[in-house]
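Novice: For His148, Thr149, Lys309, Asn318, Arg327, the entry in Swiss-Prot reads substrate binding site. Residues or ranges marked as divalent metal cation binding site by Swiss-Prot on the basis of sequence analysis: His177, His216, His301.
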Amino acid sequence: MKKLAISIGDINSIGLEILVRSHEELSKICTPFYFIHESLLNKALKLLNLKLFNAKIVAFKDDKDYEFNFIKKENSLEIYSFCLPLGFKVDENFEIQAGEIDAKSGLYGFLSFKAASYFVYEKHAHALLTLPIHKKAWEDAGLKYKGHTDALRDFFKKNAIMMLGCKELFVGLFSEHIPLAKVSKKITFKNLSIFLKDFYKETHFKKMGLLGFNPHAGDYGVIGGEEEKIMEKAIAFVNAFLHSKKDEKFFKKALKDENLQKELLLNFKGKGVYLPYPLVADTAFTKTGLKNCNRLVAMYHDLALAPLKALYFDKSINVSLNLPIIRVSVDHGTAFDKAYKNAKINTKSYFEAAKFAINLHSKA
């Protein structure tokens, strides 16, 4: 079975309860490794009045060298250690504060995530599954990252792409956790062309649509203008480049050379993988719109995620593309209001994320 490294997220959230309640079923389709120290796990289990059997847990430690070892088997738990350069001393000796934003919990969740990420990178597991963190807790812990995807870009020095959804609808985000006022400045021919090229090469979706940035997709330049001035040109260029089968070196050169761009367009015949014009966003998510195209790219976060979650909240997942590791996540937050209350929780997104990671690795 495939091995999944699972980071604990924010220990004050519903993440640990999702993990424990799902463990038996999850273990039927993969071998999970949970990145949490035994002492902290026991505190959480006591608060939840739950038990965890036949599980593998990984205690992580800051060290200059990478080392993975089996430590012991105790109370039906297999305990391992993973040493690596984390940049912070690991402190697992703090109290769980259910539903509260806490810097210690934030830092611990980050280190669990970083350790699990490199565990996969070092080939000890096949994919990474992350449970939800709280961005304010990360900020209070002095961390510079706005979330998992932002951190993964820094870890691996790659331009990670965030994609969310399910088999009925997937959406790639051109921009993520940035203020809306900054999005238009980010939309350049170069930035968008690189994104569209990378998004296709990571997914190989056969038909994709780019959602308009402005209302009515700009109405032929009447509103805004990004669609006609930038987006249509980037779509045409990327479609022509992908059709040409030319290499990355040529792509980088053509980005700066209008003559090469014209040459590509002249030689391009037929349909591209991207629809030629930006789609009007307010109709793209209707039944008719999704029947036409259900693999989309959005210029900003809420343009895609508001309708996605309205339609498929229970089973949507988060996938990080364009990285040296496979990373998936649940598509929901910390749900502090439900944490440690034995409330009814939906684990469908968690299972869908795990299954997606397993299938993706099998196809690799």
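Each residue, glycine too, has its Cβ placed from N, Cα and C.
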Novice: When you measure from the Cβ of Arg327 (substrate binding site), how many other Cβ atoms are you left with inside 10 Å?
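Specialist: Within a 10 Å radius of the Cβ of Arg327 (substrate binding site) lie 25 other Cβ atoms.
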Novice: I'd like the Cβ neighbour count for Asn318 (substrate binding site), meaning other Cβ atoms within 10 Å of its Cβ, all protein chains included.
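Specialist: I get 24 for this one.
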Novice: In terms of DSSP three-state secondary structure, what is the assignment for Thr149 (substrate binding site)?
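Specialist: Helix, per DSSP.
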Novice: Going by Cα-Cα distance, pick out whichever of the binding-site residues Thr149, Lys309, Asn318 is nearest to His216 (divalent metal cation binding site).
Specialist: Lys309
Novice: Taking 10 A as the limit, how many CB atoms besides its own sit near the CB of His177 (divalent metal cation binding site)?
Specialist: 13
Novice: Could you say which of the binding-site residues His148, His216, Lys309 has its Cβ with the most other Cβ atoms inside 10 Å?
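Specialist: That would be His148, with the highest Cβ count within 10 Å.
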Novice: Among all chains shown, work out which of the binding-site residues Thr149, His301 has the most CB atoms within 10 A of its CB.
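Specialist: The largest 10 Å Cβ neighbour count belongs to Thr149.
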Novice: Reduced to three states, what secondary structure does DSSP give Arg327 (substrate binding site)?
Specialist: strand
Novice: Using C-alpha atoms only, work out the spacing between Asn318 (substrate binding site) and His301 (divalent metal cation binding site) and round it to an integer in Å.
Specialist: 13
Novice: Rounded to a whole number, how many Å is the Cα of His177 (divalent metal cation binding site) away from the Cα of Thr149 (substrate binding site)?
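Specialist: For His177 (divalent metal cation binding site) versus Thr149 (substrate binding site), the Cα atoms are 10 Å apart.
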